[in-house]
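Beneath this line is the structure, given in structure tokens, with notes to follow.
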Amino acid sequence: MYGSARSVGKVEPSSQSPGRSPRLPRSPRLGHRRTNSTGGSSGSSVGGGSGKTLSMENIQSLNAAYATSGPMYLSDHENVGSETPKSTMTLGRSGGRLPYGVRMTAMGSSPNIASSGVASDTIAFGEHHLPPVSMASTVPHSLRQARDNTIMDLQTQLKEVLRENDLLRKDVEVKESKLSSSMNSIKTFWSPELKKERALRKDEASKITIWKEQYRVVQEENQHMQMTIQALQDELRIQRDLNQLFQQDSSSRTGEPCVAELTEENFQRLHAEHERQAKELFLLRKTLEEMELRIETQKQTLNARDESIKKLLEMLQSKGLSAKATEEDHERTRRLAEAEMHVHHLESLLEQKEKENSMLREEMHRRFENAPDSAKTKALQTVIEMKDSKISSMERGLRDLEEEIQMLKSNGALSTEEREEEMKQMEVYRSHSKFMKNKVEQLKEELSSKEAQWEELKKKAAGLQAEIGQVKQELSRKDTELLALQTKLETLTNQFSDSKQHIEVLKESLTAKEQRAAILQTEVDALRLRLEEKETMLNKKTKQIQDMAEEKGTQAGEIHDLKDMLDVKERKVNVLQKKIENLQEQLRDKEKQMSSLKERVKSLQADTTNTDTALTTLEEALAEKERTIERLKEQRDRDEREKQEEIDNYKKDLKDLKEKVSLLQGDLSEKEASLLDLKEHASSLASSGLKKDSRLKTLEIALEQKKEECLKMESQLKKAHEAALEARASPEMSDRIQHLEREITRYKDESSKAQAEVDRLLEILKEVENEKNDKDKKIAELERQVKDQNKKVANLKHKEQVEKKKSAQMLEEARRREDNLNDSSQQLQDSLRKKDDRIEELEEALRESVQITAEREMVLAQEESARTNAEKQVEELLMAMEKVKQELESMKAKLSSTQQSLAEKETHLTNLRAERRKHLEEVLEMKQEALLAAISEKDANIALLELSSSKKKTQEEVAALKREKDRLVQQLKQQTQNRMKLMADNYEDDHFKSSHSNQTNHKPSPDQIIQPLLELDQNRSKLKLYIGHLTTLCHDRDPLILRGLTPPASYNLDDDQAAWENELQKMTRGQLQDELEKGERDNAELQEFANAILQQIADHCPDILEQVVNALEESS
């Protein structure tokens, strides 16, 4: 205080020796004990025996300085450069960090209220900084300007409120310093004015409480303003996200990276684009219908041509000629040509053989005319008979070939096996013809060699002439048959050429049909692609609808928050008005106090002349005090030396503890060695029994007990360390203790490792099941080791208890020494207090008179400044009120605009949902119509095939068509179920809308509940109508379809609509909620019943699904 030189910056401990110790209590009475001769604040301090006296002006200035700012010790500013957490505001000394270049001034001397004065320019926004505004590219200019304006207004309001806080804090601290400095003097020397001072003090205390409340209210307002700023930032962020969404949407459609603003033009553009897409979808649907009609007509023409092909090619028995069919046709024609060539070859062979036969017969006729009958003639006759038999076999082969040709023409193609058989027959015929030629040559040679004998055989050949005539007749008949066969072959070749031409014509027509079908298929694929694109567009629209709904919810929440903010700001305006009234009353009270203080200052100026004589006595008393302080310092040095000796003793104790820890580590190493022995024993073991398992369990229990004892030992060691830490204060001892703790943790790790190995060994021991005797011996050895370890643990416990007792004794001795030191220091302090009291009794009169005069002058100046400050505050509060009113009006305008935009978005949402439903219903209708057309086409094909003549293949085709028809019927059933689901989803969406509208309002009114009830009733009537259509269809077709299905109770109820609506108007909100739940249950039951009827229809008679679809259209 008097030695600290009133400086906060550089504080040197060397300049503290003549000054006051920081440990001494702060007293306002010792505010001007030691100072320099010039009244400065830093410089050379006056020594104990300087003998200089201070003038009255210096004393008054010193007292004024000490009264305004209070004493500042070195202990108060030892942590000037230390780091403190951000935004911690306490009602004590300021400990916050300030940026470079900002002065920090202490604003009061009270130990309870202090603050740091920060320049208003350094006050930042939120966490002492504003985020950089980097949304210029995404945020529109109007929104950016509005945001900047609001942020600037809020910053100015924050600065004004903080300035008010600083001024109020200064007033509070000044008042407290005045009260604390003037109360003691009034008690002793100014008894007539004691009552007045007490009244003033009470007034000041009440004003201080009022100011504190005002300060708290201003803090709350600051917090609320920060909350509003954050809300506005969130709103700006949401607006930016909306703009980015619209920008992305517009860039994906047009390819131009333009910035989309949320305006009515964007909504109109979106709506126009949506209408254009709907028109395109309608045109696409029309073209799809036209293409489907064209496809159906093409299918009918194709079916007609197929039927004609079937009629023309019944021999081929195939519906259509694909690429494989054309190849088969080529093979068939090739086989027919080969068969014709084979027939021509056989005919030529027959002609040659007939010529040879005729030649032979003529020769035989000539030679047998005169030849006698002998055995040779008989041989010749047998040869001729053999030739006749061969000719007949060849004729049979010809007939077989003709039959094969007819089979080829009827069946269309010869199989590979038949072809191989034909080749074999051809080879047989060729070999036979060669054999015959060889025989004829041999006969010629025999005839030439035996010409002499022919004459003898002529007589015998006369009898054979008749037979030869018969052979001739047979040969003529065979010639006629050959001519007939040739004519048949020519007709067959002509028919084959005609069929070839017809097949080529049919092929050309089929290729044309295939080309047209390919074109139609490409068109259908293109239409499907366009349908998929439209479905993706619909999905995008649904996503946009969901986003709009989310935006609607967020904007509704923002509207609610804005309403709350409006209410809060209105409350703030009321509070500010009350503040202004209170400040005006305070100004009046301050003016009255100023007048009374001026009168008292005039009366006190006469008492300032008697202060010079008391200064000399004060200086002598101060010199005596300095001597006593030096004695106390010497005693403190002695106490420190004694404490150092105690610390050395503790170090020795720590060494002993280290030795004990090393002993414990040796025990651990022994345990590890025993564990290694256990491992070796476990590897040598091979079997184990139940007795060994029980002994192992006992060993585990013993190990757990050891663990618990180790943990107890560690806890005891920790307690001993904590006791030693309490007794020690040097850094070396703390380092050694930390080293011991690390060793203890290492010991724990080693014990945990040992425990893990023990567990692994136990598992190995459980697997071993042989060699019981060896294991018993080793278990006994382990038990002995456990007993030894238990003994060691007990010894360690005993040693630890002895060490604990020693440490407790040492702590008690240290406490006794500290108590003795405290007693001696207390005695010295008592003697010092007595001397101080004596000195103070001499000083009181002079000091208090000087203080009172100086204080009165300062009070006058401060009251004037407080009055001007209060006037400024009143003006600033009025300006703030006007700004708050303007903000209220702007927020109201924003509310109205946001509500309008919300209404527009809701209408847009409902339109988009209705269009989506319509598109989905149209798509489902188109699919159902296409399926019905396909089913009818399959039915027509089945009827045509059943009317055809061939049986086997037509039955297979009918079965295939029926399978396709069943598949189409299943698809139709699936589509009807999808349509029913769509109706149910539409109903649920409507119900969700109504429930969501009810949820947005916190407590829905009865009128809001009646509307969804009426919608539920309409849906119920539609479901009843639909179920009625289905039941009539089932009764008309087959009543057994509805066997086992019972309609719900709600289906048979027929209520009067008008009476029911009148009853709804009379019901309360709870009754309406119950009625709503009942209606939902009834609709769910009716929906389930309708689904069950549809399932029965699909199972029993799927052919009436078309009538079901018509019933759906009527009900919808």
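Glycine is no exception: its Cβ is also placed from the backbone N, Cα and C atoms.
Candidates Ser94, Ser177, Ser684, Ser751 were compared with Swiss-Prot; the annotation phosphoserine appears at Ser94. Per Swiss-Prot, the residue from the list Ser75, Ser137, Ser890, Ser1021 bearing the note phosphoserine is Ser75. Cross-referencing 814-836, 998-1020 with Swiss-Prot places the feature region 'Disordered' at 814-836.
If you compare Ser21, Ser27 in Swiss-Prot, the phosphoserine annotation sits on Ser21. Among the residue ranges 590-609, 730-749, 770-789, the one that Swiss-Prot annotates as region 'Disordered' is 590-609. Residue annotated by Swiss-Prot as phosphoserine (from the set Ser37, Ser252): Ser37. Non-local neighbours of the compositional bias 'Basic and acidic residues' (590-602) in the same chain are 193, 196, 200, 853, 856-857, 859-860, 863-864, 866-867, 870; each lies 6+ residues outside the stretch with a CB under 8 Å from one of its CB atoms. Secondary structure counts, DSSP: the domain 'FIP-RBD' (1046-1108) has 52 helix, 0 strand, 11 coil. For the compositional bias 'Basic and acidic residues' (590-602), residue counts in helix, strand and coil come to 13 helix, 0 strand, 0 coil, using DSSP.
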